[in-house]
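Noted in TrEMBL for the protein shown:
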type: ACT_SITE; residues: 122; note: active site, proton donor
type: ACT_SITE; residues: 408; note: active site, proton acceptor
type: BINDING; residues: 81, 82, 83, 89, 90, 91, 92, 93, 94, 117, 118; note: acetyl-CoA binding site
type: DOMAIN; residues: 2-161; note: domain 'N-acetyltransferase'
Ligand SMILES: CC(=O)SCCNC(=O)CCNC(=O)[C@H](O)C(C)(C)COP(=O)(O)OP(=O)(O)OC[C@H]1O[C@@H](n2cnc3c(N)ncnc32)[C@H](O)[C@@H]1OP(=O)(O)O
């Protein structure tokens, strides 16, 4: 068996086949396969080979991740990780993570991020669960929405998803700097949102799109499918939301009200939504929306100093962290973070530490969605100077809450 090495373009089919088999072997629809072939950054992808056979895969997209304060920080989007079942639990994943994090460091990217197939896999490599999302199954026959002023001034119209892709992307792009966790991506990624293979529809309609306009300008959009259903009491269809972005509360409310009111439906399924989204506070009965929390983006600080000084802090903070990082020992040791809402510096120090934690906890709190105090309650952060936790924890917070807009 070789160690991990960079993928060659002509190896892509074999390599991707190993990945698909690691996820169960159900072939991906052709249009999805083609998109991911194009999006694969071969020179940032690794394969492990045993003779002719590929037994390990890992890729890294080039993203810029919005952090608290609005900066777009280069982040390696770790993806396409798989190990052949014939070679599992022999350290293949560990060897790929080792090589990949060394590479990310050499590329000068302070962060690596991923979504995990199973939460238990990546903590050992220093990734912490940093964003959460809401999945909801809303009983729209028993739940009403109280919408904000201005909602009636928003015009909605149907459009073919591909036809309005540019206008929808422009809305997305305007939102990216305003919420930590959002991703600025290379050209090509916008096509992900309009992929519509029949095998992914589960009996629902092709993808539909409604755009929200005010004074001729696109101020929001929703992409969704409708799955018709008929029960003993009559129509019982389901609206399945796929994406929704809006530039202001009125546009947002107009789109949600539309989704609640589609004829012959009594249910709205919305997955992967922000934890602090407005609709949760417009509904008459949140219990009938059955909101459920789910982990989303995992963050790994590859360069602790660069990462911590790339974001801002809600309140003035001056704290010394004693960081443990067994997998990337260049981060281990004491760091003084001094910052506020305008900027920050983070330097190595010999001063006594205030808080002790591992790099995994720093990843979890980095985007402002998890509190140092919560992690301390779990025994994962130790307070060495009394008062340090109460001072540092609120400074790390973010309002709006961090949110990962889509998987990768
Ligand atoms: C970002 C993404 O792409 S997420 C997708 C991840 N891929 C998948 O889930 C596809 C199916 N699974 C697989 O391909 C493989 O089982 C992998 C990639 C999860 C693990 O690969 P392996 O080569 O077996 O991992 P490796 O041998 O390096 O294991 C390292 C350690 O992690 C542990 N580990 C590995 N997988 C898991 C898991 N799923 N759950 C809990 N622990 C795990 C191992 O037990 C081992 O622990 P140890 O050091 O205490 O002995």
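Cβ atoms here come from the backbone N, Cα and C positions, even for glycine.
Remember, TrEMBL labels are computer predictions, not curated facts.
Residues from the recorded positions list (83, 94, 118, 408) with a C-beta closer than 6 Å to any atom of ligand 1: 83, 94, 118.
Per the record's binding annotation for acetyl-CoA, residues 81, 82, 83, 89, 90, 91, 92, 93, 94, 117, 118 show a top Cα-Cα distance of 19 Å. DSSP assigns residue 118 (acetyl-CoA binding site) to coil in the three-state reduction, outside any helix or strand.
Cα of residue 81 (acetyl-CoA binding site) to Cα of residue 122 (active site, proton donor): a span of 11 Å. Spacing of residue 118 (acetyl-CoA binding site) relative to the residue listed as 'active site, proton acceptor' is 15 Å (Cα to Cα, whole number). DSSP gives residue 90 (acetyl-CoA binding site) a coil state; it is part of no helix or strand. Residue 408 (active site, proton acceptor) falls within neither a helix nor a strand when secondary structure is assigned with DSSP, and so counts as coil.
Model confidence over the domain 'N-acetyltransferase' (2-161) stands at 98, taken as the mean pLDDT rounded to a whole number. In sequence order, 1, 48, 55, 56, 83 make up the list of same-chain residues 6 or more apart from residue 92 (acetyl-CoA binding site) whose Cβ falls under 8 Å from its Cβ.
Taking the Cα atom of each, residue 408 (active site, proton acceptor) and the residue listed as 'active site, proton donor' are about 16 angstrom apart. The number of other CB atoms found within 10 A of the CB of residue 94 (acetyl-CoA binding site), across every protein chain shown, is 14.
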